[in-house]
Amino acid sequence: MQVTITNLSLAYGGFAAVKGLDLTIGDGESIVLLGQSGCGKTSTMRCIAGLEEPTGGRISIGDTVVFDHETGRSVPSFRRNVGMVFQSYAVWPHKTVVENVMFPLRMKKVRRTAAREKAMEVLTLVGLDHLAERGASQLSGGQMQRVALARSMAMEPSVLLLDEPLSNLDARLREDLRVELRHIQQERGLTSMYVTHDQQEALALADRIAIMQGGRITQLGTPEEVYASPASASIAKFMGVTNVFAVGEASGNEVHLADHALSLRTAVAAPDGAASVAVRPEDVVVRTEGSDGFAGTVEVCVYQGSSVRYQVALDGGPTVDAVCPAGPGALARGERASVEIAPESLLVLPDEVTDTPAQDEVAA
Amino acid sequence: MTTVQTRPAAPQEAPLPAPSGRRRRRRPKGLGSLPLLFVVSFLILVPAGFVLLAAFSVDIPRPGSINFDLTLQHLAVFIEPGVLRATVNSLIIGVSATLLALLIGGFLAFATARTNIPMRGFVFLIGLMPLFLPSYVGALAWSQLGSPVAGLLNIGMRDLGIDFTVNIYSMFGVVLVMGMFYAPYAFLLMHSSMSLMNPDLEDAAGVHGGSTWQMLRSVTFPLAMPAILGSALLVFTHIFENFPVSQVLATPGQIDTLPTFIYRLMNASPSRGNEAAVMAVVLVIVVLLVTLGQRRILARRSYTTVSGKGLKARRISLGRWRWPLFAIALVYLLLAIVLPLAALILTAVRTSPYMQSFSDLAVPGAIDFGSFGRVLQSDLFLDSAGNSVIVAVVSAAAGTLLAFLVGYTVYRTKAKARGALEGVSMVPLAIPAIVLGMGLLWTWLVMPVPLYGTLAVLMIAFVAVQMPQGLRGIASSIQSTERDLEDNAVLHGARRSRAVLSITVPLMRVGIASTFLMLLMLSMRELTVPLFLYTSDTHILSITIFDQFENGGALQQAAAMSVIYCLIMFVLSYLPRRLGSGGMNP
């Protein structure tokens, strides 16, 4: 069901965790709230679940207003029909797997046998039917995570909230479950909101990504949009762009770096007030000395299997990160190199987003 | 006894740099675990052995004549008419007082940990306060309040024209007093369990469709169940073996419990020590079974799940029930602390022990606060207080040292005897104080060293009885001190003993100090164990108060002394809480 959040704010004591946030999640859409810890993303989610009382704004799920500060209306958590997967899983240790999954159904007064049948069905979907009678405290982290997911799906929630559900798992399992989660979400057409600080996870799971900084959404767009054109230097850094340099002066298609005697060519004329230039390590080309580009020395060289990661100190310039395909012609530490940066891969950005984007224009 | 062999410890400061890859990391071997095991066993197992021996031998152990002529004739005590009744009484009191303690403790724990009851800090203190009042002082105070004829409550009600008599010398009275004074144990255990609960587990119930009541029923209470059961069994064993409260309140009402029955057998003339020992064995078996049950339950189901995020246990809004529930907490405060203390103070300042009506107090000269001064200057008080302090300080210091040695050996070394050492140290938990008191009496009567009748025997007894509490205090501190810090000092060239003294001990100073203070307090309040061991030259404060009340003659001094004693206990209990980082505060 569609979820509409209007001008939501939440403050603890004097600290404003969420500041006038607007967001609409379309029916069947998956939104990922991406941001560093403390940016207010979990607080936003807990407001939707009814676990926090917002200090202002309005939230509606489908046609039902579940919270409205104006009228003082606040539907208690257990009547909102919202599913939630907690970071700590919150699987009840004193119940078996199937009892955990049956809980929301029993709360809806579904008869025991019917509830059990339905629970087994959902457990089969997440691949845990063979562990149904196991005590929940005997499960591994990945299994608990699946139980938590099954428990929330069994209630057929209007919206499914996931609070960093994969962050306590090891890297391999995390990638497998990410694919599985996306598959289930799309197949079932679940309206969902996912909170994470991991940009890879966000790119994989989102229909749209909402970047949160300091209690507001600073960029909202499809994963491709956010990846290709971050709205600010801080967002770019967060999205894994390690080469961000302060701009001193810009003239036409040329920007001069503030801290180095170096200028770069851009594809489009730099706008006024440009503060930083950014380039992805993948877009930096490193060749043996004598080719086009800036001259420099390889300082660090890390072999990563399919690729090699370099840090090259440019002569009279900054140190640049580069990720190049592995293969013949790889450079060793101390070797001289030429570094080329294509003008079209350069992003010219403000440091921070000052005004929040108009939500509806970028709606999916 | 025990079948533990210890390999002769390898020389500790081996000059060879051990190159063996098989044992890369050598643990210290232990500070001579065998002598330690011998000392602890001698302190604890020998007295227990004497009780067992007395139960099945022809005669009780006497100086110069331990006799091993075994017999089963003392089992005949079982068919004595009083025995069955005493057992049933003990069970009834144990079960009902435990339920009462759980009800009070559970209510206060839930209210302070999980609701918005007014003045939560104060309600928390209400739950804790009765700990400062030893249960027998509570019982003595209640005997002043609720004796059917002269009880202050009854006088008050007669004054007001209410036709109702409280009789504290009854089953009801014993259960009420025991339940109230053991409630703090249940309170503390349940409070920590309820406030450590991962709030996500409860939030999950809310999100998935459970109302607040359904959440409490299906998540919160089941999760707290191990703590509830565990504290139930702990409280039950304490109440079941409690001697002084029964002696003060049940005996006048002609109600026998197992401990008072044993006491009477011991004090009969001629003394019936063998039969007492038989009854003691029965008591031990019951307590042992319950203790084992408690350990199993607590070991099997530990749900205390602490998540990485900051814990913020959800508080339930009580709405219009806030103040009524607060009033219930106040009633408990009134019954457990305010009325007993008021009764003691009133008894202490009243010049005449006889009183018909509260209006008698208005007569000039009826009240005299001088009694406190007289008591403070009396030889009896000064002697007992001096003895108490000497005994408590020495036994707490020795107990802490012994607990540290045992704790270090058990948790930091690979000594073979460490399992046995821990096991033996915990034995006093399963042996009722009255039984251990008998055993210690016989042990030190028989020993060819003239300790009986000196303060030393009381010190030895306290060290033995408080071994479990001491070891627990030290153990938690040792386990939270990183072992690597000490190993590092050894790597940098310190001898192990030097490393312990200059690294581990300073790091554990708070834990060691609070263990010392806890033992000090336990020694000051212990009554049952010294009951068989004191002589007229070695009175200690708890015994003196008990004696003076029992013998009736010196009610006023006894009450005044109790009030002073409570003050001392309060100061002593306050200190470790100041030291121990105040972690128990809500």
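Placement of Cβ uses the backbone N, Cα and C atoms for every residue, glycine included.
No curator has checked TrEMBL annotations; they are predicted automatically.
Copied from TrEMBL, the annotated features are:
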- B:87-294: domain 'ABC transmembrane type-1' (DOMAIN)
- B:385-576: domain 'ABC transmembrane type-1' (DOMAIN)
- B:1-27: region 'Disordered' (REGION)
- B:31-56: transmembrane segment (TRANSMEM)
- B:91-110: transmembrane segment (TRANSMEM)
- B:122-144: transmembrane segment (TRANSMEM)
- B:164-188: transmembrane segment (TRANSMEM)
- B:219-240: transmembrane segment (TRANSMEM)
- B:276-293: transmembrane segment (TRANSMEM)
- B:323-349: transmembrane segment (TRANSMEM)
- B:389-411: transmembrane segment (TRANSMEM)
- B:423-445: transmembrane segment (TRANSMEM)
- B:451-468: transmembrane segment (TRANSMEM)
- B:499-522: transmembrane segment (TRANSMEM)
- B:554-575: transmembrane segment (TRANSMEM)
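Note: the stretches the transmembrane segment (B:451-468) and the transmembrane segment (B:389-411) are in contact (3+ CB pairs below 8 A, sequence gap of 6 or more). The stretch with the most CB contacts under 8 Å to the transmembrane segment (B:323-349), chosen from B:91-110, B:219-240, B:499-522, B:554-575, is B:554-575. The stretch in closest packing with the transmembrane segment (B:389-411), judged by the count of Cβ pairs under 8 Å and taken from B:31-56, B:91-110, B:219-240, B:276-293, B:423-445, is B:31-56. Counting residues 6+ beyond its ends, the transmembrane segment (B:91-110) has Cβ neighbours under 8 Å at 123-124, 126-127, 171, 174-176, 178-180, 182-191, 194, 228, 231-232, 235-236, 239-240, 246, 250, 257, 328-329, 332 in the same chain.
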